[in-house]
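What follows is a structure written as structure tokens; I'll ask about it next.
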Amino acid sequence: MLIVKRTSEVKGIINAPPSKSYTHRAVISASLANGLSILKNPLNGADCLSSAHACRMLGAEITNEVEKWTIIGSKLKVPDNIIDIGNSGTTLRIITGISSQIPDGYAVITGDDSIRKRPMQPLLDALKQLGIESFSTRNNGIAPIIVKAGKITSNSVKIRGDMSSQFITSLMMTLPFSETDSEIILTTPLKSEPYLNITIDVLDKFGVKIEKIVEENKTGYKIKGKQSYRPCEYTIEGDYSSASYLIATGVLLNSDIEVKNVFKNSKQGDREIIEIVKKMGADVEINENNVKIKGPYNLKGIEIDVTNIPDLVPTIAVLGCFAEGKTVVYNGEHVRLKECDRLNACAVELSKMGADIEEKPDGLIITGTHKLTGSKLKTHDDHRLVMAFTIAGMLADGETVIEGEESVKISFPDFVDKMKSIGCNIEVI
């Protein structure tokens, strides 16, 4: 667990960790490309290593080093054992689709307790539309999942756009194997679109083209058939989701910090954290590849639509605790479908510290109190809650004890060390 105490000042230069979203998609794309690919600056986090493990099970040769991964991709093979993807929902969803293209037999995909609670039925239903047989072993729409090898026999699939963009990413990465051109048709308005923009961006670098469909009565994506993934050398950019904790720390504390490896023109939706803190009153400096912050700033509450930025909700919740007036988070129903119900967890745990938070069906209303008190907090082994609650603890009176700190290895393995390097008063016990 983490012991967090009030921190008076933070100062220094800190690199944002590599992007989890980009690393997942790049290692899987490289594994599907026939030949040698090099991934520079990959995220050596547990979730991305789960994707690398799954790709090995499906035939890729992967060497993981700290600063680069070497991948020799080849044709998919039948896995010789169950594919255990640990705690990685992204891996589960993408590999479920991809594994349908093994030459014969079956693939079985499962993970830890948390993964075996994550919804999969919308993806299984979509694969069925394409002629692919896949099912939950317990007939309850969650892992373990069994996928049968099979050709794609339909050129159109309909799926909701408001549950998980990972389902759509899985289809995007699988449909290039089809013999014919295909369409993904969205039956509801799309949420988390920036994650699909990341998918399209990565696939483009590996030679796979996807077009967006925007018509009066149809929204979705068009994927040409018989496409081949091509090997390449690819550099992973920094992760704005993880950088949000560094940025919020600088905004709320007496600070002089520079966050490097975050790009002004990134396709990541979570780059919105810059605009959010600016609208709240923080005069941060954004450059081509870094953000400079000299806090603290006097913040004011604002209304924030989190349709496309679900991973920022825990960070926003903490910022709202120290803003004047009300901070309203809305359009966040899908935030309940992450590693845990993050809306409920933020409301319950921050309230223990004295925060004034009202939970709504699609979001939160946070009334700034400017004062929190240390408490013992549960995180449901959710990495984003651990990091957000750490910020709250540094601004609270007394001592804050945060359970489940091991989960940060998923997206920000050296979170504690980097935070301590700029002066944060935190310890692992």
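Cβ atoms are placed via backbone N, Cα and C, with glycine included.
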Of Gln101, Gln166, Gln268, which one shares the phosphoenolpyruvate site with Lys20, Gly89, Arg118, Arg342, Arg384 in Swiss-Prot?
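When Swiss-Prot describes the phosphoenolpyruvate site, the candidate it includes is Gln166.
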Check each residue in the chain of Arg25 (3-phosphoshikimate binding site) that is at least six apart in sequence and keep those whose C-beta is under 8 Å from its C-beta; list them in sequence order.
Ile94, Thr169, Met173, Ile198, Thr199, Val202, Leu203
For the phosphoenolpyruvate site as recorded (Lys20, Gly89, Arg118, Gln166, Arg342, Arg384), determine the largest distance between any two Cα atoms, in Å, rounded to the nearest integer.
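Site span for phosphoenolpyruvate, by Cα atoms: 19 Å.
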At 10 angstroms around each C-beta, which of the binding-site residues Lys20, Arg118, Lys338, Arg342, Arg384 has the fewest other C-beta atoms nearby?
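Minimum Cβ neighbour count within 10 Å, taken over the binding-site residues Lys20, Arg118, Lys338, Arg342, Arg384, occurs at Arg118.
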Just checking: which of Gly89, Arg118, Arg342 have a Cα that is within 10 Å of the Cα of Ser192 (3-phosphoshikimate binding site), counting only these binding-site residues?
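Of Gly89, Arg118, Arg342, within range: none.
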